[in-house]
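**Q** Sharing a structure, written as structure tokens. Questions coming.
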Amino acid sequence: MFHGSMVAMVTPMHPDGAVDEVSLARLVDYHVEHGTDAIVAVGTTGESATLDYDEHCHVMRKVVEAARGRIPVIGGTGANSTWEAIKLTRCAMEGGCDATLLVVPYYNKPTQDGLYRHFAAIADAVAIPQILYNVPGRTACDLLPDTVDRLADISNIVGIKEASTIERVHDLVERCSDRLDVFSGEDGLSREAVLAGAKGVISVTANVAPQQMHDMVAAALRGDEEEASRIDARLAALHSALFLESNPIPVKWAVSQMGLCGPSIRLPLTELSEQHHETVRQAMKLAGSL
């Protein structure tokens, strides 16, 4: 259903913290024009944790409106409350999103049975296609392959964004790829993941180098390892630099350097430390983004 380079898009904000709707629409146009294959609105990179429910729904609707059917929109609707996730997922469906991305519940650390029941309940409540998102480094909770294998039997659970190890990607592709698509959630592993059978990447780097990420993933999807490796070598420093501080701090600053939005970010996150500016800037130049 989805494939290629899918951007986990930043949410532009004014200095007072209000959502910058003009820049939001500009970003959507930019991604349409520069090869991005789908947009994730209000995921982790889109500052979902610091948007309230009404803002969350509003941004998803605005991205859909700006997309005008030119590019698929995936709404980030995960929460550590099942009922909140259902509400957000329903809002995404009613707002015109093509699918949703559901992060593993964070902080409250459910059991594997709890995770199964959480995602099954959302899938049962809202008929929209849903992509699971496993990022144990941020959630302190790991959605294990046995649980993914069970969830893959639910018809509207169509994929998983896996942000752990390349070994896990291999395992999920082997177990589940006949029923759901596997996507890399780690930019630095995306080339290897796609060559191993993943259908693409949900990418932070694509905010800054969308055409390059599209071209790299497209090469890997067609099995052109040499071309994928050549492009990825130019992106490697950027993959790393965008995580010098907590995501989305560096990428928000990087996008601002491209003139696409301002650098403002909501507390408790803060703008990128000046000591990291030059490292990010040089990585952007190497990638061809500046």
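Each residue, glycine too, has its Cβ placed from N, Cα and C.
Dumping what Swiss-Prot says about this protein:
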- Thr44: site 'Part of a proton relay during catalysis' (SITE)
- Thr45, Ile202: pyruvate binding site (BINDING)
- Tyr107: site 'Part of a proton relay during catalysis' (SITE)
- Tyr133: active site, proton donor/acceptor (ACT_SITE)
- Lys161: active site, schiff-base intermediate with substrate (ACT_SITE)
**Q** Using a 10 Å cut-off, grab the number of neighbouring Cβ atoms around the Cβ of the residue listed as 'active site, schiff-base intermediate with substrate', all chains included.
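**A** A 10 Å sphere around the Cβ of the residue listed as 'active site, schiff-base intermediate with substrate' contains 27 other Cβ atoms.
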**Q** Using DSSP reduced to three states, classify Tyr107 (site 'Part of a proton relay during catalysis') as helix, strand or coil.
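**A** For Tyr107 (site 'Part of a proton relay during catalysis') - judged by DSSP and reduced to three states - the answer is coil.
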**Q** Test of understanding: give the count of other CB atoms lying within 10 angstroms of the CB of Thr45 (pyruvate binding site).
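**A** 23, counting other Cβ atoms within 10 Å of Thr45 (pyruvate binding site).
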**Q** Nearest to Lys161 (active site, schiff-base intermediate with substrate) in three-dimensional space, by Cα, is which of the recorded positions Thr44, Thr45, Tyr133, Ile202?
**A** Tyr133
**Q** Using Cα coordinates, what distance in whole Å links Tyr107 (site 'Part of a proton relay during catalysis') and Tyr133 (active site, proton donor/acceptor)?
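**A** Roughly 15 Å, rounded to the nearest whole number.
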**Q** How long is the line from the C-alpha of Thr45 (pyruvate binding site) to the C-alpha of Tyr133 (active site, proton donor/acceptor), rounded to the nearest angstrom?
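**A** Here the two Cα atoms are 13 Å apart.
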**Q** Please determine which of the recorded positions listed here (Thr44, Tyr107, Tyr133, Ile202) has the lowest count of neighbouring CB atoms within 10 Å.
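**A** Checked Thr44, Tyr107, Tyr133, Ile202; of these recorded positions, fewest Cβ neighbours within 10 Å: Tyr107.
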**Q** Using C-alpha atoms only, work out the spacing between Ile202 (pyruvate binding site) and Tyr133 (active site, proton donor/acceptor) and round it to an integer in Å.
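**A** About 10 Å separates the two Cα atoms.
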**Q** May I ask for the distance between Tyr133 (active site, proton donor/acceptor) and Thr44 (site 'Part of a proton relay during catalysis'), taken between their Cα atoms and rounded to an integer number of Å?
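**A** The separation of the Cα atoms works out to 11 Å.
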